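Below is one structure, written out as structure tokens, with a few remarks after it.
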Amino acid sequence: MTTIVSVRRNGKVVMGGDGQVSLGNTVMKGNAKKVRRLYHGQVLAGFAGATADAFTLFERFEQQLEKHQGHLVRAAVELAKDWRTDRSLSRLEAMLAVANKDASLIITGNGDVVEPEHGLIAMGSGGGFAQAAALALLQHNAELSAREVAETALNIAGSICVFTNQNLTIEELDSAV
């Protein structure tokens, strides 16, 4: 499993993830890159779930971004429709977090496209821990940057969740929101 966190604050949007890949109860890799930039560096995307499935979804999402000239919401809705109705895609087990300067979204295989409250996404096995940490930091420390909130939340999740480590990949964009 994994932990992915995205935070919007003070004109920035940040997305980060840990690097652990597990097979059952065994750590197979500790430095996987689960967050990346798509569509000419304008979109951040991260995944939780089966790695091979996530790469398929990244590829499909990037195709939708190209098809819709980088329009994040439209591309997300079209991917969710395909994911739900295409027989081969419907068996994929992963979730995507995507963000650009305007919006942050979670895309699921159930056809859900959700824009979370507070500009905060936290998902994966350590998502609950990371969400609690990030919300506390956002509500009680106005001086921390989006990057500092995301990094701290991921490190806290990595210290609690056995399927999350503290080898982080963090990407950042300027935000319109």
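Quick reminder: no glycine exception, Cβ is built from N, Cα and C everywhere.
Secondary structure at THR2 (active site), taken from DSSP and collapsed to helix, strand or coil, is coil. Look at Swiss-Prot and you will find THR2 tagged as active site.
Taken from Swiss-Prot, the feature Na(+) binding site covers GLY158, CYS161, THR164, and the record attributes it to sequence analysis. In three-state terms derived from DSSP, GLY158 (Na(+) binding site) belongs to a helical segment.
Across the structure, CYS161 (Na(+) binding site) and THR2 (active site) place their CA atoms 9 angstrom apart. Neighbour list (GLY158 (Na(+) binding site), Cβ cut-off 8 Å, at least 6 residues apart, same chain): THR3, ASP18, GLY126, THR164, ASN165, GLN166, LEU168.
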